[in-house]
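Structure record follows, encoded as structure tokens.
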Amino acid sequence: MASKATSPAAEVIIVGAGLSGLAAGKTLHEAGIRDILILEADCKIGGRIRTAEVGGYTVEMGANWLTGGGGAPKSSHLFEIANRHLNLKMHFSDFSSLSNVYKQDGGLYSKEEVEEALAAAEARDDLCTLLSTNIVSDISISKAQQIADRVPKTALEMVIDYFQNDYEEADSPSVTSLKHTLPRHEFLDFGGKTYFVADPRGFHSIVHYIAKQFLSHSHHYTTSDDGNHLTFNDSRIKLNQVVREIKYCENRVRVKTEDGCEYEAKCAIVSVSLGVLQSNLIKFIPNLPKWKRRAVSGFNMGNFTKIFLKFLTKFWPSNTAGSEFFLYAHENRGYYPTWQNLENVMPGSNILLVTVTGDESKRIDKLADETIQEEAMEVLRKMFGYGIPDPEQILVPRWLSNRLFRGSYSNWPVGYKQSNHKQLKDPVGPIFFTGEHTSTKYLGFADGAYCAGVDTANEVAKCVREHQTKGRKSEPSALLTDK
């Protein structure tokens, strides 16, 4: 497609209006840098924070939990927005309380068996965390379990280990770094309490709140009837702009979108997901240096697939202690293992949420909804009997096959060094990189995305001020070399 006329140059272009991109825009705005342009590929802001409607109830296809409260050493900015400013309905998720774990062919494990397995899992996690703080060379979480002589072996032990690790990291402990995963800083810094957002306004209301802080400064916008879109009358943000090419030199970038539009700026912040960077959706001219390409390709994009099943009536336990989650212990680790009863947080919804991760998530991403429903219902009927009905509705978000995301959130792979991760974030000439995958402490979390956007914007603001003061860019031209 022929290129359209190049738009007037901006100070900073931000590629992506997810949480990181918007946090970066807000931070630049507050630093006095108002001449920005945000290019979002989708028809709405928020990135992997996305809501949908199932049976008249708002559900979260992406980010769902927030951590905070309880006298934590730090305060999560997102939790503060949700709790203090928006008063979102949030439900405390007690991951340590499990009352029902089902056997592969039906029937429950006894309360004593489950409690014993949970205690063993907690001890195993404590030993692995201790080992993490005392090793020099990295090993996988699975290897640490071997060293501690605490390898989960039975189907019951494996599904509880899955609940503790795979369900958290979106991949297997066999590929997950011990040193850079445990202890989990999100919980250490922001408190051990995790809250499930279950508000009709959706998790994306936090995103909208952030956008309003700077995009409403001198421009009017309205919220659409369903609350899922913001309509911007603001020249600083453009939706439906799929960036396909970024040309750059030492002090200038030119961004070209799929529809042929071109935009120029003194520098750019690329806030797309790690999966998009790995997919080569965006072509960089000249090519990114080898050190940058290695850093990008070496990190891991995890896969976390939610499957929502809406029924006419409820046939599973609810509204009792330990009934939010129940597990299915299959001999094949990760086969429809983690079930969440949304009846506790959305009374009358009759919705079950089953989650798969890692390789199973990749497999399911390719299946038709009808096939997924058949598999899930076979599992449910083993747990609750063959008289239960089929669901009225199924919803399966497919983050992996969506070219604008290519996965759910990042996972630190075993053997990937801290120096590699620094390069993942490091700028290349006038191009800066941000996103949850660039967060050292909170990668994979919404807090990580927000904090990364703030940190990157502060770096950019510093460079802009130095350029204005000295009349030149501060980043060295050596960053453009292919080493």
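FYI, residue positions are counted from 1 along the chain as it appears here.
Placed from the backbone N, Cα and C atoms, the Cβ positions cover glycine too.
Remember, predicted model here, so these are calculated numbers, not experimental data.
What TrEMBL lists as FAD binding site is Ser20, Glu40, Ala41, Val243. Following the DSSP three-state reduction, the secondary structure of Glu40 (FAD binding site) is coil. The Cβ of Glu40 (FAD binding site) lies under 8 Å from the Cβ of Gly16, Ala17, Gly21, Ile237, Lys238, Leu239, Asn240, Gln241, each of which sits 6+ residues away along the same chain.
Sequence annotations record features per position, and here TrEMBL assigns domain 'Amine oxidase' to 19-460.
In this record, FAD is bound by Ser20, Glu40, Ala41, Val243; the longest C-alpha to C-alpha distance in that set is 17 Å. Cβ proximity to the FAD site centre (mean Cβ of Ser20, Glu40, Ala41, Val243, cutoff 8 Å) flags the following additional same-chain residues: Ile14, Val15, Gly16, Ala17, Gly18, Gly21, Ile38, Leu39, Asp42, Gly47, Gln241, Ser271, Val272, Leu404. Ala41 (FAD binding site) counts 23 other C-beta atoms within 10 Å of its own C-beta, drawing on all protein chains shown. Confidence annotation: the domain 'Amine oxidase' (19-460) carries a mean pLDDT of 95 in the model. Look at Val243 (FAD binding site): DSSP puts it in a strand. Long-range neighbours of Val243 (FAD binding site) (same chain, six or more residues apart, CB within less than 8 Å of its CB): Val15, Leu39, Ala41, Val255, Lys256, Thr257, Glu258, Val272, Ile282. Ser20 (FAD binding site): 34 other CB atoms within 10 A of its CB, across all protein chains.
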